[in-house]
Amino acid sequence: MIGDIRETKECQLKDPMDLFHSGQVVKICAPMVRYSKLAFRTLVRKYSCDLCYTPMIVAADFVRSAKARDSEFTTNKGDRPLIVQFAAKEAQVLCDAARIICPFADGIDLNCGCPQRWAISEGYGACLINKPELVKDMVRHVRSQIDNPKFSVSIKIRIHDDLKRTVDLCQKAEAAGVSWITVHGRRIEERHQPVHYDAIKIIKQSMSIPIVANGDIKTLKDAENVHHLTEADGIMVARGLLANPAMFAGYEETPFQCIQDWVDIALEHGTPFTCFHHHLMYMMERITSKQEKKVFNVLSSTSAVLDYLNDHYGV
């Protein structure tokens, strides 16, 4: 069952492909702009998350600028297994980024799913699902230029109106040596519409590499249901983990211990106040009254937040 709790240390010893071959559903923290940074990855790993992604990083900036590398990517010894997600549109730029990151991570992921206008207008993200030959070329280049055979190369996609095109894209990527594919079961223009889990199942049945299901998974029960619906090898969660970082460990809502852990980890990592506060707002959404939210959400300093948590929850 996906709910089985394994020791975090055991997960950290495994490279990602070992996780996919373990016979258990791989529980994954999605790449989230501003949010899936080192401190939050440290938190979810304490609560049975097997594999974490960084937020999306623009590969060209990362390669060109040491300042971009320092601000966009931080890690530490316990932050494994780790996948670094890049936005790229040129094979060699992606290879250069992969070479820089290789000693510090277990793999890279090419973002072919971001539907934001700026990304698509720059040639990144979801527009790549309409360029299967380019995606194939990028995967193949990284495969040929990274010496470490255990270093994974994955892609994260959205689906087409015509699912045959999505299957074709996935099969081309598989032929180029992609390690696994994460499928967000919505089309580019879809935002809050229901996720097409049936499409993910068809893709899974068409491939021999692992497939990860993504989209609208808010609880461990949702994760189990999506696994049964799609037969996916992994489940990737974004907003569900923001609301409850202990979700994969079977908690229905964020336990107070998890809030305490976040405070400790965030302070230890020197997390900027806005990020520290926003994570707490997400975590406490289900466990605070409207009146409490009104007060808590407008607090403007770390000390004010710490005082509030101590006074109201003994955290």
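Backbone N, Cα and C atoms are what each Cβ position is placed from, and that goes for glycine too.
Feature annotation from TrEMBL assigns active site, proton donor to CYS114. Sequence annotations record features per position, and here TrEMBL assigns FMN binding site to PRO31, MET32, VAL33, GLN85, HIS184, ALA238, ARG239. Annotated domain 'DUS-like FMN-binding' per TrEMBL: 29-292, in sequence order.
Around HIS184 (FMN binding site), the same-chain residues at least 6 positions away in sequence with a Cβ under 8 Å from its Cβ are GLY113, LYS156, ILE157, ARG158, ILE159, VAL195, ASN214, GLY215. Using a 10 Å Cβ-Cβ cutoff, GLN85 (FMN binding site) registers 25 neighbours. Residues listed for FMN, PRO31, MET32, VAL33, GLN85, HIS184, ALA238, ARG239, cover a largest CA to CA span of 17 Å.
For the domain 'DUS-like FMN-binding' (29-292), the predicted model reports an average pLDDT of 97.
For the pair formed by ARG239 (FMN binding site) and CYS114 (active site, proton donor), distance between Cα atoms is given as 15 Å, rounded to the nearest Å. In this structure, the CA atom of ALA238 (FMN binding site) is 13 Å away from the CA atom of CYS114 (active site, proton donor).
For the binding-site residues MET32, VAL33, the ranking by surrounding Cβ atoms (within 10 Å, all protein chains) places MET32 first. Close to CYS114 (active site, proton donor) in the fold, though at least 6 residues off in sequence, lie MET56, ALA87, ILE120, TYR124, GLY125, ALA126, each with a CB less than 8 Å from its CB. In sequence order, TYR53, THR54, PRO55, MET56, GLN85, ASP109, ASN111, LYS156 are the residues of the chain that are 6 or more apart from PRO31 (FMN binding site) and have a CB within less than 8 Å of its CB.
Most Cβ neighbours within 10 Å, among the binding-site residues ALA238, ARG239: ALA238 holds that distinction in the structure as shown.
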